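Read through the structure below, which is laid out as structure tokens, and then see the notes.
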Amino acid sequence: MSLNQKVALRRRGTASNTSSSSPTSKVTMASNGRSEEDPLLASNGNGAGDQTNGEEKTYFSPRTTFVDHFSLEAPSDEIQFRSHAVRVFSSGTQQFQVIEEEEKDDIEGSKSSGKTKLKARVSSDGSSGLSTLRAAYTLVAVLMMGFLLIFALQVLLFLFVSLVTEGGLTSQQNLNFAHLLGTVLSIPLFVYGLASALTMSTEFVADTWQGHSFFRSVLRISPTIIDWYSFLAFMGLPLGVMLYYMWTGDSTSSESVWWEMTALTWFWCITISYAIFCFVVFAVEIMGALELLSHHPDYALLEVGFRNVGKFLKRAILLRQLHSYSGVRNRTFYVEGSNTLPGNNDSYDALADTEFARETTSWYSKLMVKYAEADNGTGRQLFIEYDSPKRQYNIEDVLDRTVFVTDATWNLEKFYCRRSKARTVLVVNGPSRVYPRQMWSSLACATLGNVLVVLFVMALLRWGGASIPVVIVLTAIFVYVNRDAATRVYALYDTYQDTIKKNADNNAKNSEAIFEVTETYRLTKPTEKMCWILFVAEVFFLFVFPFWMLCDVGNQAIAFLFLILASFSAFRYYFNAPVVLAELGSLDLLDGDFIRTRSAAEQDEGAAAAATMEQDWREKNRLSKIVGHISQGARRDAWVSVIATFVMIFMFLFLSAFAGGSNSGAAQDTSNILKDFRYVPQNGTFQYPTCSMTSDFAIPSESGSGASSSALADYAYMAAIAYTAPESMPEVLDAWFGEDVAVDNVDLVSEFRSSREADSAVHFKLLTFPTLNSDFAVVTIRGTNNGWDMISDAQLWSAAWLAQAVRSVLPLGEIWNPILENLVETIGVLQSASLRKVAFYVSTSEFVEWLRDEKKLFPMLRVTGHSLGGGLAMITGAQTQTPAIGLSGPNTIITRKTLSPPVTLENLNKYTFNIIPDRDPVPMIDDPAKNVQHIACLAPSNNFIDCHTSIRSLCDIQYTCGSGPRPTMCDCALYYGYPEPESIGGRTFAEACPAPE
């Protein structure tokens, strides 16, 4: 028995499958006839006519039957006039109108021919005001989606920070293998759940722009209520808040409190609307899956109730496991045809005249086939091979999507960027045929496009500095992975050419087409026993054990989030409508009876039956939208790819931190430091205003502690040497400041670490000047030097960087500045107390406070650092109210409220200073405070990362400001493109600095 026969047997009443798939006409058919009076709009429920002054007015009776497919955005409406009828199909602000009217035989148009004609036209009910209003709605929805992405990435990041701490890479915790394993096993469910949430957010944004049409289709309440709620949530309430704060606020204040409160209200109203949207989609998806399971033709009918919960669970779990662990084969067919269109349940696997039947089988499927063959007959089979492959329907089959390519619909870009499994009908003969020049253009465009993509990959690799052999190898891998996409258009072109040759003499009036169809067939399946084994393993290793370990770690926020995501994801994963539909191949079993008793449905007659059929259409319509846009499809795949990419990045950082651990620094060579050369300040040009810093910042010298032209360079040098190993520090300090002028005070740092048991992974040094000024000292903090340092960078500043990225892609993104720090602060609650303890700035701030408050030392204490060290220096300076100078450090304006304790904007502006090289990406992170100094960078345009090099920045400062009493370095002229310094001794630069071989 075919699927359609099974469907027919299970449908109630006598309605056919076609009629049950669409709503019946909303208009009572009127009798034929035409009055010479002006046409009036007919009432939908008044029958064939109405009475006016004793005369019965008759209306045009349509002779064409329209059947709405569930893929329409909304059911069509029929409007009857006295001379014609109009069928209106709506999509957003566009209306497609089909007008049916009688044809006339005579010129005056008074004599009817007895025939009707259809006229199609497109109209729009949109306006610039409507577009502006929806653009405002959508702008905030995109902001919400952006912060949802930030939230998702922060969750994954904090998981990997936990991996580092649980792996024993900080001294505060020893290796805990169970915690480490539990955290790793929680990642797949987080990826699945967060990608699903982002997919729903994408649909929510699109639906906001389209006027909430999707929201209307999935809810069972009046559109009037939905529109009023949308108005209040998306505009009314935020506008009311704005008016209140503008009326009651202080107009003399420099802060725009009214806009901050309005923006926050607007954001959270739309976020709540998104949460409602997700819940409704979740409910409809689960209800649809349950109804399909209850009607599944391979099982007995089930009534919904608590007594059948076990049976529903069994069906859902077995189908899910069958779908996930079966071995499958994909085949793509190019078939010539002229009689019928391919139906959603038609198969071309048995046809002998198919061309270019491309077949792909994964390594897993091949392995399962071999295993099933080897295990056959042993009685211990866990996987079974089908006697003949069984069809497994894909989303294109289920949603009955077919794309027609004619001479009018053909387009180079659309043809090149088609969906991989799209069911395409290419018309090759007849009045709408695609011409040979169009197919040749498609082939040429595909060839040129593929060549350009390959050349772009090669150019990108080469621009990034890859060697020729590496470029060739990586390009070859890229071409091999994408080989099927490259040959797809050629296969269709070749089939087109063969079809044209075969049918050269055919009548041009007869349409012929090539059907391109991709089908999936199941080769093996797991036994029921194996399905339950896999289910138990999934539940324990992917849910129970990770949740247990996350709770045991003490990260309650992450554990609670995991519980929520796991609960919703488990329902969506096992009660999965696409999985059930992959078995059925059709939505026909979805009949709208799920919310009613079956006995009540069977008693429907007349108007009730028509209403039920319309309800059937609405059930199919909303479930098809959810399945096509959210459960499966390009959007979900794209978000899974994005989340998986970041997981790979975080995994690389974790492995780097785990393998490299934390080191104390590298040995430093001082042979490149030149004491008999100097840079003279550039005459006739503006120097950097901060070349000569105030006496509070100048490094002590024998001539006194006044302002020095080398102070900016001194701090850059001290920031750079934070990477130096302790044994090399005396030589490095003497080479720059003079013999015994500066001291690396290792004893005080060691005493602090011992007294506080705060031997964290952050590295810092205390530089003192005991012979010149015992009150002056500098804490220099090392920047990023290993994987753990990079994870610390991400822990502190990734949310701010991502918030900046969201702001940059939004039109007028700067208007959201007042609330960015509040939103980032909200995301920061995901950090557990244990994660905050290992944040690097905690140790550096405690060290500065320890020196100042407990030891009563160094009243003229300063803090500096490069890169991560510069960012930590500014955080430490703002928290402890100590002057701090960062070199290429990430900023802290957006991040400041996530710190513990938070820092104020006033302290950042008062105590922090950042040196920012041009094109350096690191100090572009977060928004800077007021005190900054931009400097030049001479690195090549394709090597902007080199602008982050501390020695390059030091060279630019010395070249622009002059070296003063400090030495210069060979590296400035040899490697960084600066002119050779001026000799003040007896040797040349070539003698002092031999050119590298």
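Positions of Cβ are set from backbone N, Cα and C atoms, glycine also.
The compositional bias 'Low complexity' annotation in TrEMBL covers 14-31.
Per TrEMBL, compositional bias 'Polar residues' is recorded for 43-52.
Per TrEMBL, region 'Disordered' is recorded for 1-57.
According to TrEMBL, the feature transmembrane segment maps to 136-160 (among others). Among residues of the same chain six or more beyond the transmembrane segment (136-160), those with a C-beta under 8 A of the stretch's C-beta atoms are 183, 186-187, 190-191, 194, 197-198, 201-202, 204-205, 208-209, 234-235, 266-267, 270-271, 274, 555, 558, 561, 642-643, 646-647, 650-651, 653-654, 791, 794-795, 798-799, 802-803, 805-806, 809-812, 816, 823-824, 827, 830-832, 835.
Sequence annotations record features per position, and here TrEMBL assigns transmembrane segment to 180-205 (among others). Within its own chain, the transmembrane segment (180-205) has Cβ neighbours under 8 Å at 138, 141-142, 144-145, 148-149, 152, 155-156, 159, 162-163, 166-167, 214, 273-274, 277-278, 281, 541-543, 545-550, 552-553, 562, 565-566, 568-569, 572-573, 629-630, 635-636, 639-640, 642-644, 647, counting only residues six or more beyond its boundaries.
If you look up TrEMBL, you'll see 226-245 (among others) marked as transmembrane segment.
Summarising the annotation, TrEMBL assigns transmembrane segment to 265-284 (among others).
Positions annotated as transmembrane segment by TrEMBL: 439-457 (among others).
What TrEMBL lists as transmembrane segment is 463-481 (among others).
Per TrEMBL, transmembrane segment is recorded for 531-550 (among others).
Sequence-distant contacts of the transmembrane segment (556-575) (same chain, six or more residues past either end, CB-CB distance under 8 Å): 155, 158-159, 162, 186, 189-190, 192-194, 196-197, 282, 285-286, 289-290, 293, 312-313, 316-317, 320, 543, 546-547, 550, 631, 829-832. Residues or ranges marked as transmembrane segment in TrEMBL: 556-575 (among others).
If you look up TrEMBL, you'll see 638-659 (among others) marked as transmembrane segment.
Outside the transmembrane segment (265-284) by six or more residues, the chain places 137, 140-141, 143-144, 148, 197, 200-201, 203-204, 207, 215, 218-219, 230, 233-234, 237-238, 241, 568, 571-572, 622-623, 626, 630, 819, 823 with a CB less than 8 A from a CB of the stretch. Contacts between the transmembrane segment (439-457) and the transmembrane segment (463-481): present, as 3 or more C-beta pairs lie under 8 angstroms, all at sequence separation of six or more.
Distant neighbours of the transmembrane segment (463-481): 454, 457, 942-943; these residues of the same chain sit at least 6 beyond its ends, with a Cβ under 8 Å from one of its Cβ atoms. Residues 178-179, 181-183, 185-186, 188-189, 317-318, 321-322, 324-325, 382, 558-559, 562-563, 566, 570 of the same chain lie 6 or more positions beyond the ends of the transmembrane segment (531-550) yet place their CB under 8 Å from a CB of it.
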